[in-house]
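Among the features that Swiss-Prot reports, transit peptide is placed at 1-97. The region 'Disordered' feature in Swiss-Prot is assigned to 89-113. Positions annotated as domain 'ABC transmembrane type-1' by Swiss-Prot: 143-445. Positions annotated as transmembrane segment by Swiss-Prot, on the basis of sequence analysis: 144-164, 166-186, 188-208, 275-295, 300-320, 383-403, 419-439. Per Swiss-Prot, the feature domain 'ABC transporter' maps to 479-713; the stated evidence is sequence analysis. If you look up Swiss-Prot, you'll see Y488, G512, T513, S514, G515, S516, G517, K518, S519, T520, I521, L522, R523 marked as ATP binding site.
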Amino acid sequence: MSRGSRFVRAPGLLLCRVNLQPQPKIPSFSYSLRSDYRLHNGFSNYIRRNSIRTSPVINAFLSDNSPSPSPSPSPIRFVQRSSMLNGRLFSTSTPNPDQTTTKTKEIKTTSSDSDSAMADMKILRTLAGYLWMRDNPEFRFRVIAALGFLVGAKVLNVQVPFLFKLAVDWLASATGTGASLTTFAATNPTLLTVFATPAAVLIGYGIARTGSSAFNELRTAVFSKVALRTIRSVSRKVFSHLHDLDLRYHLSRETGGLNRIIDRGSRAINFILSAMVFNVVPTILEISMVSGILAYKFGAAFAWITSLSVGSYIVFTLAVTQWRTKFRKAMNKADNDASTRAIDSLINYETVKYFNNEGYEAEKYDQFLKKYEDAALQTQRSLAFLNFGQSIIFSTALSTAMVLCSQGIMNGQMTVGDLVMVNGLLFQLSLPLNFLGSVYRETIQSLVDMKSMFQLLEEKSDITNTSDAKPLVLKGGNIEFENVHFSYLPERKILDGISFVVPAGKSVAIVGTSGSGKSTILRMLFRFFDTDSGNIRIDGQDIKEVRLDSLRSSIGVVPQDTVLFNDTIFHNIHYGRLSATEEEVYEAARRAAIHETISNFPDKYSTIVGERGLKLSGGEKQRVALARTFLKSPAILLCDEATSALDSTTEAEILNALKALASNRTSIFIAHRLTTAMQCDEIVVLENGKVVEQGPHDELLGKSGRYAQLWTQQNSSVDMLDAAIKLE
């Protein structure tokens, strides 16, 4: 019986296995009501008009979507190393929580802000390195051209209020007295040289607006290739690096957390490039130009109004945004919790029905919805306060400027066109400033997300090639374990000085109780882990001193729990050797006794197997895995309890295929059922990480030792189960 399972009896009923293992989490969906809908939509549209058109998202290539585990006082803890997102699994006990908290607070108060700022600058420098590709002149030209279009767009944008002012003044003079028109002509000689009529000025106004928009679109078109290539390069590098990390790292991390880091990090790069480079910087340039123009044309008072209003607007927006961030976090957490609860309930649909607990599930789900509702209301109220405060600041500045303009008009120092121009310049600043809060919040979050992704690149694998590693030279496939010690945690030995030999071309079964270290032996031979001490050799070569790719290409593994890609059957078999021909794939399927079954499917080899192969039966999945290993044609075969979860008929079919696969190959079988072990040339019996017996099946039975006990126990269990079934 597998771990976490029970046989449950009830009056008149025999209920089959109840799996007590926790269900794996899957990516949560969002049902958010979007309380920031107006601001969110406006900001999204603004970014869409002024930045990269597409927002690439790296699809989930891993399976889970769970958050990283939080620290807890237990013998196992996650230790954060320098420039690491999360630490490896260590054995030291967690210190006193109070002491840890005190030390953490002391460190944070002295260096967290400066360290964070330095880390942010390092991230931006790293990103700049991807943008300014020294070995790619085309991309450097695109960056320079985009900056040129950026400046051109802002220069033309500032001309729009000027042209509108001139048109208003000209029309006002033309409808007034002759003296007014003469005065206008005398004060604007250049205008009359360029434009013949007020209509021509208005046409120029339209051309300036169109030109500004055209420059913005050209900037986007020129720069988008650079931005998208940057996202692609970083994402591919991180993805490849994750595959280069060792198994210990992946066992200490939740796969969904890694997926979310890459997904959020790639989107963060897109945001930083679009919002920061093409919106924040242009806004700063435009504010400087507008302030300078107002100071030059109308005096320092107007420049002060602009500068003070913009400064107040920024300070107020950043302060309120920082304050309301906690409400957004609470809302997002409630959203995630509700989504997780809903999905967890739905994937356990049958369990809910078995116990008639639909009402309970609905009530629990509603509790999470209530938390989301409360947090969303707080977010909405704080957003209303932010919008109202921004409106007061901007309206005050605009009204003050209009009052000064009206006084200037009454005094004869300004014209109606000047009032229109000042109004237009200030309104041009209002659009990007309206989204300052969103830009600030998203920028801070983007830097955090980018930091998490770039820190993945600083993770180092414990399993690497040595500097003088050589390819594995096979001379038959003789395997030798010599006094091997290994432990995942120092206080718990997994392998305690084991030694045995698998002769070339022979098969060895490894048996023992759960936790005795059987599967660990296969992992160490494949070099997912290195020994704490002792040596593992293949044909006399220490596997630590050979290249990983040559070692792993020589070994084929048939796991107990076969996981297939959510693709076609053909792809899953072909994955064993990507250079194989179509006919070789079919031949591998025949040897695994799965070809006829596949041929009876409506889509044959094009049948999609579903996520993790769940559309296939257990036996079909195992035979697809066998076909994949047949196609790889390794010199060494490792088989980890491949038939433990199968019925007797399917087990017999799989064993026949395994015999064919193991023929003339060095093979190691982890045997849960001793009927598998008895067919091997040699049997190694493990107990508490040590080899307690070794020899052929008949010889071990004759010794009446540990193997004989296991054999008797297994046969007795089968007899008792048969008797129980007959009693029913």
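Every residue, even glycine, has its Cβ placed from backbone N, Cα and C.
Keep in mind it's a predicted model, so treat the numbers as computed, not measured.
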Next item on the list: Using a Cβ-Cβ cut-off of under 8 Å, list the residues of the same chain that are 6+ residues beyond the ends of the transmembrane segment (419-439) and lie near it.
Entry: 36, 39-40, 42-43, 46, 157-158, 160-162, 164-165, 168, 275-276, 279-280, 282-283, 286-287, 290, 293-294, 298, 302, 306, 310, 313-314, 317-318, 320-321, 386, 390, 394, 397-398, 401-402, 405-406, 409
Item checked: Most distant Cα pair in Å, residues Y488, G512, T513, S514, G515, S516, G517, K518, S519, T520, I521, L522, R523 binding ATP -> 19
Notebook entry, point to check: Residues of the same chain, at least six outside the transmembrane segment (383-403), with any C-beta under 8 angstroms of its C-beta?
Noted result: 35-36, 39, 302, 305-306, 308-309, 312-313, 316-317, 320-321, 324, 419, 422-423, 426-427, 430, 433-434, 437
Notebook entry, point to check: What else in the chain is close to the transmembrane segment (300-320), if you only count residues 6 or more beyond its ends and a Cβ gap under 8 Å?
Noted result: 287, 290-292, 294, 382, 385-386, 389-390, 393-394, 396-397, 400-401, 404, 422, 426, 429, 433, 436-437, 440
Check: Given the binding-site residues T513, S519, which one is most crowded in terms of C-beta atoms within 10 angstroms?
Finding: S519
Next item on the list: Inside 10 Å of the Cβ of G517 (ATP binding site), count up the other Cβ atoms and send me the figure.
Entry: 24
Check: So what pLDDT does the domain 'ABC transporter' (479-713) average out to?
Finding: 86
